[in-house]
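Structure first, then comments.
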Amino acid sequence: MKNALGWHCALGIIPYRDAWRWQQQLVAERRQNLAAPDVLLTLEHPAIYTLGQGATTAHIHFDPVATGIEVLRIERGGDVTYHCPGQLVAYPILNLRRHCCDLHWYLHQLEEVIIQTLRHYGIKGERVAGLTGVWVEGYKVAAIGIKVTRWISFHGIALNVVNDLKGFGRIVPCGIGDRPVGNLRQFCADIQLEDVRQQFVAAFSRVFGLEFAPKALADLLIPTSS
């Protein structure tokens, strides 16, 4: 059976609010046109903390005004996390009606994408019962936080590749205080983010049965009237 076509937009370091707005527009378009192809955005963010719907500010251990780093509450699931350059962020905009209308299945598949990506580098990624994400030797290297509306997904994955981890020390990452955060460079010293991006997209294609073609984001977004 031939894989369905999807679009992959490989972006650089993008301000969080811009990527958030683009996701919302892509979701709105797919709610209007269920035949629109699935989209995968891969990118990095400048330093920012985001809080999911269930997050508590008690897990933030710094003064955002003093540091100048934005803290933003968004509609994804999960608690507080940190984004910064060197972290591969992936936002799948999928019509889950074409895959499986089951959020547990979807989260499991996202974890599988990460595990297969790590396997390419000889790194064993593992799940932890009762928690969402992927760990390596006890270090959490990937966080997952999603939102699904009318079975269209957005938000997604943050995979620590070569990023500075100091920012995680200011929070209780994902509300989990007893497990350290790590990145892939700890386990593969010469790893490169761009190579990880390629392996991630290949793994995503396998796991979700999609054939991704590169696409400019501007070609996907419908211009809005000013």
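Cβ from N, Cα, C; glycine included.
These features come from Swiss-Prot:
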DOMAIN    34-212  domain 'BPL/LPL catalytic'
BINDING   Arg76, Gly77, Gly78, Asp79, Val80, Thr81, Tyr82, His83, Ala143, Ile144, Gly145, Gly156, Ile157, Ala158  substrate binding site
SITE      Lys140  site 'Lowers pKa of active site Cys'
ACT_SITE  Cys174  active site, acyl-thioester intermediate
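The Cβ of Arg76 (substrate binding site) has Thr50, Gly52, Gln53, Gly145, Ile146, Lys147, His155 as same-chain neighbours under 8 Å, each 6 or more residues away in sequence.
Cα of Gly78 (substrate binding site) to Cα of Lys140 (site 'Lowers pKa of active site Cys'): a span of 15 Å.
Taking the Cβ of Val80 (substrate binding site) as centre and 10 Å as the limit, one finds 25 other Cβ atoms among all the protein chains shown. Once Cβ contacts within 10 Å are tallied over all protein chains shown, the binding-site residues Gly78, Gly145 are led by Gly145.
Cβ-based neighbour count (10 Å, all protein chains) for Lys140 (site 'Lowers pKa of active site Cys') stands at 21. Largest CA to CA distance in the substrate binding set (Arg76, Gly77, Gly78, Asp79, Val80, Thr81, Tyr82, His83, Ala143, Ile144, Gly145, Gly156, Ile157, Ala158): 16 Å, whole number. Counting every protein chain shown, the number of other Cβ atoms lying within 10 Å of the Cβ of Ile157 (substrate binding site) is 25.
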